[in-house]
Amino acid sequence: MTQELIETVEILRPGKSLVVAIDGPSGSGKSSVSKEVARRLKLAYLDTGAMYRALTWLCLDSGTDLDDGAAVEAAAENLVLEISTSPLEDYVRVGGTDVTLAIREPAISAAVSAVATTLGARTELIRRQRELIKKHHHRMVVEGRDITTVVAPHAEVRMLLTASAEARLRRRGIQLGGSQNAEQLAAQVTLRDAKDSTVVNFTRAADGVVTLDSSELDFAQTVDAALGIVHGIVNHQALHRD
Ligand SMILES: Nc1ncnc2c1ncn2[C@@H]1O[C@H](COP(=O)(O)OP(=O)(O)OP(=O)(O)O)[C@@H](O)[C@H]1O
Ligand SMILES: Nc1ccn([C@H]2C[C@H](O)[C@@H](COP(=O)(O)O)O2)c(=O)n1
């Protein structure tokens, strides 16, 4: 069998677990790249950042004090969340309200770190993320900040997607249509990362995690590089299976 065929057979093998865990800082391209990788490999897809954003939306909508850890944890436990796990559609609903676009607003980006650094809320969302991975028979691309280290440390493929601060700020600026000045962009990218990294490490690859630096790559090249990493690891595992 050719190497390419072994890889394809392995990835499509029914019942084979294939969790691709991708972490990285804000604006590194996690969501867009992970979604495309999931689409190409016909895997489910989970944007865990959207879950923290949905919880933040609920807290702001219900007037929950973000400095009150117990109240944020209670909100996480009561969160009635529907989230797409398909790379082909994008929806997030909280208690039946469509918040797909609302959770991307700068007001949520500004508040989300307070929620994401509440450890009790993290415990609840991590529990739900693991449940979703199980529901999809461990065939999913999952992206966030702590997927390679906490949510799915035994994932078949673990990747840290990085890019220079300059590249990430530039990408986020383009993504937001040039509507944000440098200070606003820094608040949504580098300052948010600084707050988030007080509870999770997504700047340094843990043991066994492959780093993909996309600073000098365009989107298509980054997707190809990520797929190359998945194929390389799956192939290696197939060749070394007893
Ligand atoms: N390699 C790349 N080259 C150029 N642009 C890219 C690249 N990867 C992603 N992008 C673009 O950069 C923007 C930010 O990407 P994306 O939203 O996927 O980042 P992210 O890491 O998920 O950010 P966040 O964690 O803040 O949600 C998007 O517009 C995306 O299309
Ligand atoms: N696994 C995760 C995913 C996300 N977060 C936090 C960090 C971010 O500030 C926020 C929103 O994520 P984004 O949509 O920007 O990827 O959620 C986290 O702590 N752990």
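From the backbone N, Cα and C atoms, a Cβ is placed for every residue, glycine too.
TrEMBL does not curate its annotations; it predicts them automatically.
Record features, source TrEMBL:
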type	residues	note
DOMAIN	20-230	domain 'Cytidylate kinase'
BINDING	G24, P25, S26, G27, S28, G29, K30, S31, S32	ATP binding site
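For ligand 2, the nearby binding-site residues are S26; that is, of G24, S26, S28, S32, these have a C-beta under 6 Å from one of its atoms.
Restricting the average to the domain 'Cytidylate kinase' (20-230) gives a pLDDT of 96. Taking all protein chains in view, 25 other C-beta atoms sit within 10 angstroms of the C-beta of K30 (ATP binding site).
Reduced to three states, the DSSP call for S28 (ATP binding site) is coil. For S26 (ATP binding site), the same-chain residues 6+ apart in sequence whose C-beta sits under 8 angstroms from its C-beta are R168, R172, Q188, V189, T190, R192, D193, D196. Within 10 Å of the C-beta of G24 (ATP binding site) we count 30 further C-beta atoms, all protein chains included. Fewest other C-beta atoms within 10 Å: among the binding-site residues S28, S32, that description fits S32. Excluding G24, P25, S26, G27, S28, G29, K30, S31, S32, which define the ATP site, the same chain contributes V33, L161, A163, R168 within 8 Å (Cβ to the Cβ centroid), listed in sequence order.
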